[in-house]
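Engineer: Feature table excerpt (TrEMBL):
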DOMAIN    22-121  domain 'Cadherin'
DOMAIN    130-230  domain 'Cadherin'
DOMAIN    231-338  domain 'Cadherin'
DOMAIN    339-443  domain 'Cadherin'
DOMAIN    444-553  domain 'Cadherin'
DOMAIN    568-670  domain 'Cadherin'
SIGNAL    1-17  signal peptide
TRANSMEM  681-702  transmembrane segment
Amino acid sequence: QLLRWVLLQAAWAASGGQLHYSVPEEAEPGTLVGRLAQDVGLEVAELVSRRLRAVAKGGRDCFEVNAQSGALLVKSRLDREELCGPSPRCALDLEVLVDKPLRLFPVEVEIRDINDNAPAFAVNEDFLFISESRLPGSRFPLEGASDADIGTNSLLSYTLSPNEYFSLDVQRKNDLSKSLVLVLKKPLDREETPEHRLLLTATDGGKPELTGTAQLVISVLDVNDNAPVFNQPVYEVRILEGTANGTLVIKLNATDSDEGVNKDVLYFFNNRVPSSVKQMFSIDRNTGEFRVNDELDFEDTNLYEIQIEAIDKGTPPMVGHCKVLVEVLDVNDHAPELAVTSLSLPVPEDAPPGTVVALLSVSDRDSGDNGKVSCSIGPGLPFRLVSTFKNYHSLVVAEALDRERVAEYEVVVRARDQGAPPLWASRRLVVPLSDVNDNAPAFPQAVYTVFVRENNPAGAPVLSVSAWDPDLGANGRVSYWAVERRVGERPLSSYISVHSESGQVSALQPLDYEELQVLQFEVSARDAGLPALCGNVSVQLFVLDANDNAPVVSPPGSGRGALGPELVPLSAGAGHVVGKVRAVDADSGYNAWLRYELQEPRAAGPFRVGVYSGEISTARALEEADGPSRSLVIVVRDHGEPALSATATVSLSLSERAQAVAWESGPPRAGSAGPAGAMNVSLMIAICSVSGLFVLVIVLYVGLRCPGAPEVTCGPGKGPGAGASASEAGSWSYSQRQSRLVCVGEGTVRSDLMVFS
């Protein structure tokens with residue numbers, strides 16, 4: 001066994017490591033190809049354990065391994081021509097595998113050719129048409145036979161059935177190429193023999209020989225020596241595109257000088273005419289009518305050059321030629337086409353005129369005027385179309401844009417050709433505008449007026465201002481601040497503050513009417529754009545008075561620090577003015593309107609005090625029992641809510657030698673004068689609020705009981721009403737910070753006047 005294995009390995013190495021077998025084609029299934037197990041050195045007992053098997057390459061499973069004997073057998077039909085075609089050598093490759101250990105043995109099986117294919121001609125009958133005018137020696141090529149086998153099995157020889165007119169000439173160029181020619185030996189006579197039938201036989205070189213035959217049918221043709229002739233070599237025709245199918249384009253005419261059927265003419269497209277043209281047009285073979293067969297499109301093809309043949313019915317047929325030139329004329333059947341090739345959006349609202357928004361291309365597949373296109377846009381738009389170069393237009397800004405007025409434009413571009421009738425196309429463009437900071441914040445009113453009562457809480461809001469900016473984003477985001485200035489000796493920022501986001505104005509400290517009646521300032525609103533824009537508004541803040549100041553009693557006369565004793569003559573009668581209490585109130589209006597009264601009326605004895613004048617006078621004639629002196633406590637109250645008050649103590653001494661005191665209030669008022677000097681004063685006081693300011697309207701109705709109409713004069717400080725007037729009606733002393741123009745009637749009349757600011 002060892003020796004056998006060594007010899008097999010030596011033989012394996014000598015053969016190049018591959019086993020070779022051969023088998024004839026068409027071998028029956030089960031035919032032994034080779035003893036595979038023995039050739040690879042395996043014992044029969046090892047076949048099962050080592051799994052001897054064969055795998056075909058290329059998916060051709062033609063062989064199998066017998067598991068008991070280890071023989072390589074034919075599995076399916078072997079057809080060399082099917083497996084390898086015309087290849088001279090036909091071999092199939094196998095891979096033989098064994099396990100334990102795994103080894104691979106390449107195996108090649110050669111398929112040997114057998115003569116199993118007879119020669120075959122392409123057609124069983126080959127028809128030839130030969131004119132009777134052909135001369136002897138004329139040669140007519142024939143198509144030879146083919147044999148699927150190889151080698152000598154495919155070598156063919158030809159024979160022709162015996163006849164007196166034709167012979168066979170076989171010329172061999174090489175082993176693979178032969179030329180087969182039919183040779184005319186004597187002239188043909190169609191009237192004698194119109195048709196010849198010959199049998200062409202091909203024989204291969206196999207053993208045994210196989211043959212194939214073909215029938216040669218030779219028709220002898222009458223001589224037709226005149227070809228049809230068209231009446232003109234070139235026909236030129238014009239026709240509109242879109243012409244209906246079946247429309248006659250032209251009727252062709254060709255004539256033949258021959259007689260009989262040789263002069264009968266049929267019309268055809270030349271074989272070289274493209275099928276697309278044959279689809280577009282049709283020709284009646286009998287009449288020569290050339291008609292439209294499909295839809296003509298100028299934009300697709302505007303000129304057709306068509307070769308037409310007129311073939312007579314002679315044998316052999318003769319052919320005449322002409323050319324038909326069909327020019328397709330354009331009609332306006334294509335609307336313009338608009339395309340946006342470039343778009344720059346959004347457009348800044350501050351874009352200058354001439355800024356390009358979009359670039360459009362326009363085209364029209366028609367020609368001439370039908371293909372000339374004009375473009376336009378609708379009216380009322382801040383854009384215009386500019387023709388840049390051929391077939392291109394630019395949509396540009398024509399005038400100033402304002403996003404706050406119109407944020408987005410819809411532009412419809414229309415294209416119109418010059419055909420008749422014209423065709424249209426349109427393209428809709430939406431052009432949004434982007435915001436720029438071109439609007440300053442604006443307040444809804446030029447002036448804000450607000451009234452704040454003094455002694456307000458520190459930090460309390462007094463009003464809110466609001467500005468509107470129509471811009472977007474940061475351009476429309478508004479912040480507020482007060483424009484700094486000085487109010488007296490102090491900066492504005494010490495009085496008020498403005499919230500930067502809400503615009504709320506707050507008083508930083510309690511306001512004092514006696515210090516500041518009106519605070520005028522400006523609030524500025526600024527947006528967050530770049531650059532930022534501002535808007536201002538004026539604010540008038542009026543401080544309303546509160547009753548926060550008590551009356552203050554002033555000394556009489558020269559301004560001594562205390563009220564000294566007043567001397568009163570015992571001879572004084574009722575109504576005699578013995579003195580006057582003067583008081584001032586720093587407040588304003590009703591808060592400064594003072595009322596005088598005795599704290600203890602019973603202790604006053606014969607004296608009384610004017611409710612509004614503060615004048616101390618006698619209520620009756622004095623008596624000695626009234627005592628040598630009196631002390632009067634006078635209470636001065638204002639009319640505020642709640643009312644504030646002050647007291648003054650007046651000492652009076654009764655004397656026989658006392659002199660009357662001249663008071664600043666002037667001569668005695670109504671009640672001590674005679675009837676001639678009496679007057680009635682009706683005082684009506686109206687306090688009105690106009691634009692946040694208090695305006696005093698004083699309507700005086702004065703009834704004078706005197707001989708004639710007194711002259712009325714006006715002037716500051718003139719007459720009894722220039723200062724503080726006194727009468728039984730009352731007296732009121734106003735803060736010396738303000739002065740008024742007072743008009744009174746001159747004469748002996750008396751009047752009392754109270755002025756409210």
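Every residue gets a Cβ built from N, Cα and C, even glycine.
TrEMBL entries are annotated by machine, without manual review.
Each of the listed features needs to be described in terms of its position in the shown structure.
Structural biologist: Here the domain 'Cadherin' (130-230) has, by DSSP, the following mix of helix, strand and coil residues: 4 helix, 47 strand, 50 coil.
Summarised by DSSP class, the composition of the domain 'Cadherin' (339-443) is 4 helix, 55 strand, 46 coil.
Per DSSP, the domain 'Cadherin' (444-553) is made up of 7 helix, 51 strand, 52 coil.
On the 0 to 100 pLDDT scale, the domain 'Cadherin' (568-670) averages 83 in the predicted structure.
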Engineer: Can you see whether the domain 'Cadherin' (130-230) and the domain 'Cadherin' (339-443) are touching - at least 3 CB pairs under 8 angstroms, only pairs 6 or more apart in sequence?
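Structural biologist: Contact between the domain 'Cadherin' (130-230) and the domain 'Cadherin' (339-443): absent.
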Engineer: Can you break down the domain 'Cadherin' (568-670) into helix, strand and coil residue counts using DSSP?
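Structural biologist: Looking at the domain 'Cadherin' (568-670) with DSSP, the answer is 11 helix, 42 strand, 50 coil.
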Engineer: Could you give me three numbers for the domain 'Cadherin' (22-121), the DSSP helix, strand and coil residue counts?
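Structural biologist: For the domain 'Cadherin' (22-121), the helix, strand and coil counts are 19 helix, 35 strand, 46 coil.
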